[in-house]
Amino acid sequence: MGDWSALGKLLDKVQAYSTAGGKVWLSVLFIFRILLLGTAVESAWGDEQSAFRCNTQQPGCENVCYDKSFPISHVRFWVLQIIFVSVPTLLYLAHVFYVMRKEEKLNKKEEELKVAQTDGVNVEMHLKQIEIKKFKYGIEEHGKVKMRGGLLRTYIISILFKSIFEVAFLLIQWYIYGFSLSAVYTCKRDPCPHQVDCFLSRPTEKTIFIIFMLVVSLVSLALNIIELFYVFFKGVKDRVKGKSDPYHATSGALSPTKDCGSQKYAYFNGCSSPTAPLSPMSPPGYKPVTGDRNNSSCRNYNKQASEQNWANYSAEQNRMGQAGSTISNSHAQPFDFPDDNQNSKKLAAGHELQPLAIVDQRPSSRASSRASSRPRPDDLEI
């Protein structure tokens, strides 16, 4: 019974990483196969060969007739059936242990990267790659292993092989001695001198156990088929809902996450300005490029705009005929747009911004005085 307990401990670990159908299958395997085989069935077949009698005194005739009637004992046959049926499940358990080992290595590497991140090293991409590997292996946040990818394929293959082994052993059992036992077996083999009759001990009790084990095998086969369809339709459902691959990887690397909340600067006509992220309805050719506001082309653009504003202001005052000297475009001082760092440095140093001089303090020439005193057609008469 020590071998049975070791097998039971291994299969008990499989139950933690199986579906509902897999857990029911394991319960059937434990209760109706291993437990029953280790208690009632083994005791019923305990006197199988010793109680097999033939109506002859020829030495060796009973052994030869028993070997012909039962090439393999029912108990040993069912033990082989349980072992073969359990092997695919144990292989799936080995895959689970492999995934758990990978999880330990990834967690250790993730801790090392986080320690390096605290020292100022940029390891964000490596951490994302570790998350993708965990997702590929089916590792959840709290160490739980979920069936997906290679683990799911291994589970499906194990179900297929379990079903194949169940069908194969049922056919072998039917071919060797059927599903019932008779009380009398006729034998004619050397060294028997003639055809002899051999008698089996407790044939009815053994037939009941054979039928019971047959029903258990059919139930296990039905559970495997139901579980196979369940896993298949669940996988299709997850793909329809788009839950199969939440991470998007391109050429082995993560695609960068788009930050829509941060404000960026984009170049318009060679100058940068704060702008919001592009909307989905932007035309294909509209591609603002993020850049720095301290570009020399931008400063020239701002200077030209300032000079044009002063020229427009002077022309407007000349047109309205307002008193006072006009402001010439050549004497206008353009606004300067220093960057934020320069402003902060100046303010920190205690310097204040000087206001722009918008009135020309030079005396007007005689030509300009005579020109300004001449009446114009658009002047108002008082």
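Placement of Cβ uses the backbone N, Cα and C atoms for every residue, glycine included.
Relative to the membrane, Swiss-Prot puts Ile72 on the other side from Asn107. For the recorded positions Cys54, Cys192, Ser314, a Cα to Cα distance of within 10 angstroms from Cys198 (disulfide bond) holds for Cys54. In space, Cys187 is the closest of the disulfide-bonded residues Cys54, Cys187, Cys192 to Ser314 (phosphoserine), judged by Cα positions.
Mean predicted confidence for the region 'Interaction with NOV' (244-382): the pLDDT average there is 49.
Between the CA atoms of Cys54 (disulfide bond) and Cys187 (disulfide bond) there is a gap of 9 Å. By number of Cβ pairs under 8 Å, the transmembrane segment (77-97) is matched best by 156-176 from the list 24-44, 156-176, 208-228. Counting residues 6+ beyond its ends, the transmembrane segment (208-228) has Cβ neighbours under 8 Å at 19, 21-22, 24-25, 28-29, 32-33, 36, 40-41, 44, 74, 78, 81, 85, 156, 159-160, 162-163, 166-167, 169-170, 173, 179-181 in the same chain. Under DSSP, Ser314 (phosphoserine) is assigned to a helix (H, G or I) in the three-state scheme.
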